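A.B. asks: Next up is a structure, given as structure tokens.
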Ligand SMILES: *Cc1c(COP(=O)(O)O)cnc(C)c1O
């Protein structure tokens, strides 16, 4: 039977629900509260019937976006949040308790690293390992290990965890396997295919795609059997056990903690989803061209990009991501080139933090996003002082190459 592709499915997904006033786009619903003609109906929604009560727990606009994310991830259901960090905080704090153990990749987003430190202070044990090697993950497991966490492509070193090996390990040991899919996006990779239990996406990055909205999402793939998971509260042990985890994340993480995505950014993000495939293809082709060009440049010492055959996990990336390698590069400048001098010479590329925007962005990683961490931890994470993180945009390829070349040549001049 014919199955529609990624973009056709996403562009037409609002039609799964009945259109309101014939509106092609799902309308924005800014209402805080939802009214019922019959008080019994209001009570039924409080007691678990599908519907809306108070917008902290979601609106028709966030629900429509969540349905799209679920489709993109080939999952079972999704809960959206105000930011990616709110989504991650909800996963960790609602599913882990004091005395539990979490094994995490050591190559994680800086703010995630900081969040894991907070978690440790709250009494959750956290071990960080080099997740490019599944043996290190296995060796770190303890009797109280409940969860394993990794990103797909690490930022800015671009290490690629043994995503399939970790999925296999978690399945064998009955562990919750959480994958942050932000850097790949569901267009490049669906963590459900390697056995992920939960998939987190920062919607602020490639999915919204234009640097104009913040959001986060947690998708349950339906693969984990929550009936054996001790930390699910009695009141959420209702219905099919595949849904219990996300119910708890929604009730505790969204209703009680309140990191809710508002209707307006949800609407913008939904529009972003429609062009994800087009933009990602361009991000990927631009990044590969730029990485290849910079690798041979006299102003560059080293380029970290999974699409280069010298990358330590190049084979793994090719197999997992179907010949696509993402839009993020790490560039170590040649000895003697000052990273600030180089950045100040760029004309097209913006000096800004963020990634996944249509515009190319660059920043000195050690001096900004990894500054708070300190030199020792940076060295352990492989972040050199001269490392420039580049989020490659969708500009014309030749213009990007020209801009990097002119900036590097400017620095090389005696
Ligand atoms: C940006 C990012 C986050 C956090 O997302 P926000 O929407 O900015 O809160 C989490 N993980 C990764 C890999 C990211 O790049």
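Cβ atoms here come from the backbone N, Cα and C positions, even for glycine.
Nobody curates TrEMBL annotations by hand; they come from automatic prediction.
Pulled these features from TrEMBL for this protein:
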- 1-11: compositional bias 'Polar residues' (COMPBIAS)
- 1-27: region 'Disordered' (REGION)
- 12-23: compositional bias 'Basic and acidic residues' (COMPBIAS)
- 205: N6-(pyridoxal phosphate)lysine (MOD_RES)
A.B. asks: Please give me the CB contact count at 10 A for residue 205 (N6-(pyridoxal phosphate)lysine), counting all chains in the structure.
C.D. replies: 25
A.B. asks: So which residues does the region 'Disordered' (1-27) touch in its own chain, when a touch means Cβ under 8 Å and the partner is 6 or more beyond its ends?
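C.D. replies: Non-local partners: 60-61, 64-65, 67-68, 71-72, 187, 267, 270-271, 273-274, 276-278.
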A.B. asks: Would you list the DSSP helix, strand and coil counts for the residues of the compositional bias 'Polar residues' (1-11)?
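C.D. replies: Secondary-structure composition of the compositional bias 'Polar residues' (1-11): 6 helix, 0 strand, 5 coil.
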A.B. asks: By DSSP assignment, list the helix, strand and coil residue numbers for the compositional bias 'Basic and acidic residues' (12-23), in that order.
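C.D. replies: The composition, in the requested order, is 4 helix, 0 strand, 8 coil.
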A.B. asks: Helix, strand or coil at the residue listed as 'N6-(pyridoxal phosphate)lysine', per DSSP?
C.D. replies: coil
